[in-house]
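Enquirer: My questions will all concern the structure given below.
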Amino acid sequence: MSGLVIDPKKCTRCGLCIQQCPFNAMAMVEGQVQINAACKMCRMCLRNCPSQAISEQTNASEPQIDKSKWHDILVYVEHSDGRIHPVTLELIGKAQELAQVIGQQVNCLMIGDQIEAAADSLLDYGVANVYLYEDPRLKYFRADNYTEVFEDCIQRNHPTVVLVGATVSGRSLAPRTAARFRTGLTADCTVLEMRENTDLVQIRPAFGGNIMAQILNTNHRPQFATVRYKVMDAAQKQARIGLVVSCSIDSAKLDSKIEWLKIEKKEQEVSISDAEILVAVGRGVKDEKTLALIETLAQRLHAQMACSRPFVESGRYDVKKQIGLSGRTVKPKLILTFGISGTIQFTAGMKGAEKIIAVNTDPQAPIFDLAHVAVVGDAGLIAENMLKEMEGEAVCSAN
Ligand SMILES: Cc1cc2nc3c(=O)[nH]c(=O)nc-3n(C[C@H](O)[C@H](O)[C@H](O)COP(=O)(O)OP(=O)(O)OC[C@H]3O[C@@H](n4cnc5c(N)ncnc54)[C@H](O)[C@@H]3O)c2cc1C
């Protein structure tokens, strides 16, 4: 653990650190600046102290990790009966970029039953080793025995970084496994960068999207990060260089306390994350007549409807349609937004869209900073005009 210390000889008691601390963790006590337990180590005070009176002190008794013993990047393969979730390819793509910086390789971990063909298909993406654990008891995801396998794989291979998709099962598995190694995990990273000393810079929005936090795990390995679907670019196919490595584990570890009673196949839902064209509505779409016009426009465009958070909060749309920090991340070829201001919490979920057309009455709306086409005007009027223009014309395509 490290902490911040104030050198009373250098401190001029200017009070700047107290004013700037976002956590109210600093106070003047009996003429001395003191740091209290609310400190989150954001280091804002350290960076801005005009007399450089604040420094970081690491606990000398904490043993320093030997980073050279941890190498390569391990990607957890999310799949359902061998059908690989596309987030896996996105993680492999990012892992390859990161591995290149440190001259190391990308490996995958795949757990299941009779999934060798699927494991082999990952070699098309330049993966060095796919560690494959197969057993009938691993056919379906179970948090307890999957964690055992994950731990086993990490113990054998010592990856410096582990990437997991921020899916329902990924969000359950990654923290359990990270806890086994007493290491940190950064959830829902939006940017990942690698330093030459193998420290992973994990960047994600924090405090309601008001800051982009850079999180480092400098004295623990492996470094665990989860990444949402559609945030990174998918790996491209390349020459096969790797191997599928069949792995085994003490059979007793595969016994699970979780019993699958029944598996019911749900009708496949089309998620907004997979849509090529999206039409998103926000608080500026006030009445049902305007909404109906915009929905007709979406139908003509073969687009899916999506929305900002107020639309969900007011009960007009289901939460599955919400884009943003607390909603879904989307990366369509085209998105049209109507009556959405473009707060960071919304744009965090859609700024990867290839083409953004925004409609808003306010010419200063922040969404226009991001939009490729800015339309200043009333949502209902613009939708009506677009429909009229399209009358008798061929239906648009995303290209
Ligand atoms: C922790 C946290 C997480 C959050 N997560 C999300 C999230 O995931 N997704 C999300 O969307 N929000 C999220 N929010 C909320 C976010 O901060 C904003 O409140 C929200 O995005 C605003 O939605 P909006 O743009 O629809 O509404 P507003 O910001 O109210 O904007 C409405 C816009 O409509 C325009 N307008 C008004 N009338 C018309 C008209 N007739 N025609 C055209 N334009 C018109 C206005 O000029 C305005 O720009 C989160 C907030 C917090 C604190």
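Each residue, glycine too, has its Cβ placed from N, Cα and C.
Just lifted these from TrEMBL, have a look:
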DOMAIN    2-31  domain '4Fe-4S ferredoxin-type'
DOMAIN    32-59  domain '4Fe-4S ferredoxin-type'
BINDING   Arg283, Ser308, Arg309, Gln322, Ile323, Gly324, Leu325, Ser326, Asn360  FAD binding site
Enquirer: By a Cβ-Cβ criterion of under 8 Å, what residues six or more beyond either terminus of the domain '4Fe-4S ferredoxin-type' (2-31) are in contact with it?
Expert: 37-46, 48-59, 207
Enquirer: Please determine which of the binding-site residues listed here (Ile323, Leu325) has the lowest count of neighbouring CB atoms within 10 Å.
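Expert: Relative to the other binding-site residues in Ile323, Leu325, Leu325 has the fewest Cβ atoms within 10 Å.
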Enquirer: Within 10 Å of the Cβ of Arg283 (FAD binding site), how many other Cβ atoms can be counted across all chains shown?
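Expert: Other Cβ atoms found within 10 Å: 15.
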Enquirer: Just to verify: the residue among Arg309, Asn360 with the fewest other Cβ atoms within 10 Å, which of the binding-site residues is it?
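Expert: Least crowded of the binding-site residues Arg309, Asn360, by Cβ count within 10 Å, is Arg309.
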Enquirer: What does DSSP call Leu325 (FAD binding site) in the simple three-state scheme?
Expert: coil
Enquirer: Pull the DSSP breakdown for the domain '4Fe-4S ferredoxin-type' (32-59) and write it out as helix, strand, coil residue counts.
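Expert: Split into helix, strand and coil, the domain '4Fe-4S ferredoxin-type' (32-59) gives 5 helix, 9 strand, 14 coil.
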